[in-house]
Amino acid sequence: MINRTRRLRKTENIRRLVREHKLTIDDLIYPLFIEEGENIETEIVSMPGIKRFSLDTISKELDEVVALDIPAVLLFGIPSEKDDTGSETWNDDGIMQQAVRFIKKNYPSLYVITDVCFCEYTSHGHCGIIHENDVDNDATLVNIAKQVISHAKAGVDMVAPSGMMDGMILSIREALDNTGFPNLPIMSYAVKYSSAFYGPFRDAADSAPTFGDRRTYQMDPSNRDEGLREATFDDQEGADILMVKPALAYLDIIRDLKNNFDRPIACYNVSGEYAMIKAAAEKGWIDGDRVMMESLLSMKRAGADIIITYFAKDVAKLLLKK
Ligand SMILES: [Zn+2]
């Protein structure tokens, strides 16, 4: 007897009934780049449709995000002053802190998450304090604590540490608990690879390292088991959500985390993944909308509950049209 699996593919309605995964607006977080200064609205050449805004120009972008019912934004701050420790990150009047206060005041329904790192704020572009040509893990943890407390005081809804320092989740959890923020959740960049897919982001966030690379703290793309180890430590240290970054080339890692942890799993559909689809679509080589939807759906299928993506507005527009 032939097993006729095609019976359940015959019409769109039966396909709808047996469809296993769905991408919805509820799944999406939209990253925003906020630059200190005035009258800034700079398109990022390698990321068509994505801009850097100053606080006086960002309202129309936020209006659109809210109108499209995207639940959350992830903020990256670009300060006008950098130094070797990234001390602007814990300035209560820094660009990130101002942005949080501005958005929570004017768009109270929007869920605001801050990236917690130093690379946009250090003169050398690395994710912490440099000692003997490498990032000093434990000295950086002290400053991470100062940074999250400052974000918390500004009123952020969730913090997302991205620097891949050992012990960073524990340091952040203790810092928040000890300063009256025990209910502020942490989304950890738990498994973050040292990836060429971040290229366009470094233009966007002005965060390329001036020497060396990030391979002493970000993970080697060859490693899978190590991803489980990283996620286990962050889970034990108190991360509320575990993230995998990048997404498309690391779907196996997303599935590993989904199978092994009883926590929501997020993935970051990074700038290079976005740029490839936009560029090929611009050339007319692929159907950009369909490849976008199929790529994001693959992340859901792999096990992601949450997708951080520059496509969030495009996806929301497409889903609302249906
Ligand atoms: Zn960083």
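We count from 1, first residue shown onward.
Glycine residues also receive a Cβ, built from the backbone N, Cα and C atoms like all the rest.
Annotation source TrEMBL lists active site, schiff-base intermediate with substrate at Lys192, Lys245. Annotation comment: TrEMBL describes Cys117, Cys119, Cys127 as Zn(2+) binding site. For Arg202, Arg214, the entry in TrEMBL reads 5-aminolevulinate 1 binding site. Here TrEMBL flags Glu230 as Mg(2+) binding site. Here TrEMBL flags Ser271, Tyr310 as 5-aminolevulinate 2 binding site.
In this structure, the C-alpha atom of Ser271 (5-aminolevulinate 2 binding site) lies 9 angstrom from that of Arg202 (5-aminolevulinate 1 binding site). Taking the mean position of the Cβ atoms of Cys117, Cys119, Cys127 as the Zn(2+) site, the remaining same-chain residues with a Cβ inside 8 Å of that point are Gly86, Phe118, Glu120, Tyr121, Thr122, His126, Gly128, Ser162, Gly163, Ser207. In sequence order, the recorded positions near Cys127 (Zn(2+) binding site) (Cα within 10 Å of its Cα) amount to none of Lys192, Arg202, Lys245, Tyr310. Other C-beta atoms found within 10 angstroms of the C-beta of Cys117 (Zn(2+) binding site) number 28, with every protein chain shown included. Cys119 (Zn(2+) binding site) sits 15 Å from Lys192 (active site, schiff-base intermediate with substrate), taking the CA atoms of both as reference points. In the three-state DSSP scheme, Cys117 (Zn(2+) binding site) falls into the coil class.
When secondary structure is read from DSSP and collapsed to three states, Arg214 (5-aminolevulinate 1 binding site) falls in the coil class.
Among the recorded positions Cys117, Lys192, Lys245, Tyr310, the ones whose Cα sits within 10 Å of the Cα of Glu230 (Mg(2+) binding site) are Lys192. Sequence-distant neighbours of Arg214 (5-aminolevulinate 1 binding site) (same chain, 6+ apart, CB under 8 A from its CB) are His126, Cys127, Met164, Ser194. In this structure, the recorded positions Lys192, Arg202, Lys245 were compared by how many other Cβ atoms lie within 10 Å of their Cβ, and the smallest count belongs to Arg202. Between the CA atoms of Lys245 (active site, schiff-base intermediate with substrate) and Lys192 (active site, schiff-base intermediate with substrate) there is a gap of 5 Å. The distance from the Cα of Tyr310 (5-aminolevulinate 2 binding site) to the Cα of Arg202 (5-aminolevulinate 1 binding site) comes to 14 Å.
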